[in-house]
Amino acid sequence: MTYITIIGWIAASLTSIIGLPLVINTFLAKKPPKVSLLSWWIYYLGIFGFALLGFAIRDLQVFIPQVFSGLSTFIFLAQIYIFKAKTTRRQLINFSFLSFALTVFLLIILLGIFFWAKISLGNLVFYAKYLGIFAGFCVNIAFLPQTLLGIKNKTTKFIPLTFLLNLFLLNFAWLIYFFLQFVIEKNDVYLPSFIFQIIGFLISTIQLVAYFYQIKQQKKPFKINWI
């Protein structure tokens, strides 16, 4: 196992548990934290895009994390829409979004079955670069709305710190992995992902800085929400 592979699996492991802190937090608090739904939907579509990319180029390190992060993201979205359905009168809209979220996750599972069974979907590999652009754009731009909203409303401090730290670390790990794949392995399929990963890393850094700034600005003792 090369050092590039090891870095890839570290990034994959961090990505797999990205939504777990928010799922646990919502379960314990009985209500979802103050996050941007738009961010999570963009991220969710990016997960699907990376699942397609991993399937197309037969890269387990890219594909496997999407199954686990897709599951935790689906559960988190389900928690939000079930909560909204209970507290608002828009049950039809909320359950429609919930159904769409379930459909996306089932498609990821279907890709996993095809991956395991070695079933191809035509010449999908020829679209790998475009899949990388789509997935990289979605995943790495996803938390920009959440970052801006958190800074504007000073609500970043309510997000579990473990989520923010994990987001920062996974972006850094993927940045190194994609860079090494492009520079050392000479695989230009990873170039779009590397470029967008820079954006994702900057956004996660800004969000983490905003978190600690908001904590420091508190005049009264503020309990850090770890999870």
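Backbone N, Cα and C atoms are what each Cβ position is placed from, and that goes for glycine too.
In TrEMBL, annotation is done automatically, which means it is predicted and not curated.
As written in TrEMBL, here are the features:
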type: TRANSMEM; residues: 6-28; note: transmembrane segment
type: TRANSMEM; residues: 40-57; note: transmembrane segment
type: TRANSMEM; residues: 63-83; note: transmembrane segment
type: TRANSMEM; residues: 95-117; note: transmembrane segment
type: TRANSMEM; residues: 129-151; note: transmembrane segment
type: TRANSMEM; residues: 163-184; note: transmembrane segment
type: TRANSMEM; residues: 190-213; note: transmembrane segment
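With Cβ pairs under 8 Å as the measure, the transmembrane segment (129-151) is packed most heavily against 190-213, out of 6-28, 40-57, 63-83, 95-117, 190-213. A Cβ distance under 8 Å defines the sequence-distant neighbours of the transmembrane segment (95-117), meaning residues of its chain 6+ beyond its ends; these are 44-45, 47-48, 51-52, 54-55, 58, 63, 66-67, 70-71, 74, 77-78, 81-82, 85. Only pairs six or more apart in sequence are counted, and the transmembrane segment (163-184) with the transmembrane segment (63-83) gives fewer than three Cβ pairs under 8 Å, not enough to call it a contact. Within its own chain, the transmembrane segment (190-213) has Cβ neighbours under 8 Å at 53, 129, 132-133, 135-137, 139-141, 143-144, 146-147, 150-151, 156-157, 159, 161, 164-165, 167-168, 171-172, 174-175, 178-179, 181-182, counting only residues six or more beyond its boundaries.
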